[in-house]
Amino acid sequence: MGYSMSKIASIFSKQKEIRLLVCGLDAAGKTTMLYVTKLGEVVTTIPTIGFNVETVLYKNLQIVSWDVGGRDKIRPLWRHYYQDTSGIVFVVDSNDRDRIDEAKVQLHEIANEDLLREVPILVFANKQDLPNALSVKELEEKLDVAKFDKIQRKWCIQPTIAIQKEGIQEGFQWMVDTLKPKTDLKAPIIETMVDSVTMKDDLLSIWKSSGLKALTSKFI
């Protein structure tokens, strides 16, 4: 029951590990970005139901990325991943002008959560190769990131083309450089059993009471 002593020892022996919360609206490219970073190649993905967890080696760091689903029924579950988060990675579909206001609301809601008020925010402005994509300057205005300046919140909008592996490394480098002065990168990451059980119960409730049950049946 629980962690074995050897597993606990291995967790505490890890060094220079940071935890990032990868979020954003559905279809923004979160999972594609994560696996391009992890595997170095584009893989076929389906909408994330729940979460993906990957450890990405970047230079001498281990970046533990929690990629949480962006569908509106799943967003209430995001709070279960806030504990011990070092930074927020918010992925935006730059080409989806119709949903940019929705993305803005979600970005500011998560940025204002009590456990996340001081962590840096990296916005990946994805799909910059598409002709209708908003520029970084336009996104700064549309996402109203000037509010972060007023409270001295560190943020960066990084133009990205995930399927071409462009801009991702630069974004992670900004995050690492931002975290170095203030973060103890030797702190272990341990998910509590309470968080796991609560998240599981919430996910099952949403799955049973919404169209997600019909959606997931196609892939199971």
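Cβ atoms are placed via backbone N, Cα and C, with glycine included.
As recorded in TrEMBL:
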BINDING   G24, L25, D26, A27, A28, G29, K30, T31, G70, N126, K127, Q128, D129  GTP binding site
BINDING   T31, T48  Mg(2+) binding site
*Could you state the CA-to-CA distance between K127 (GTP binding site) and T31 (Mg(2+) binding site) to the nearest Å?*
13
*Check D129 (GTP binding site) against DSSP and tell me helix, strand or coil, would you?*
coil
_Which same-chain residues, if any, lie at least 6 apart from D129 (GTP binding site) yet have Cβ under 8 Å of it_ = I161, Q164
*So how many other Cβ atoms are close to A28 (GTP binding site), meaning within 10 Å of its Cβ?*
25
*Out of K30, K127, give me whichever of these binding-site residues has the highest number of other Cβ atoms within 10 Å.*
K30
*Determine the Cβ neighbour count for D26 (GTP binding site): the number of other Cβ atoms within 10 Å of its Cβ.*
15
*Determine the minimum-neighbour residue: among G24, T31, listed as binding-site residues, which Cβ has the fewest other Cβ atoms within 10 angstroms?*
T31
*Determine, to the nearest whole angstrom, how far the Cα atom of T31 (Mg(2+) binding site) is from the Cα atom of G24 (GTP binding site).*
10
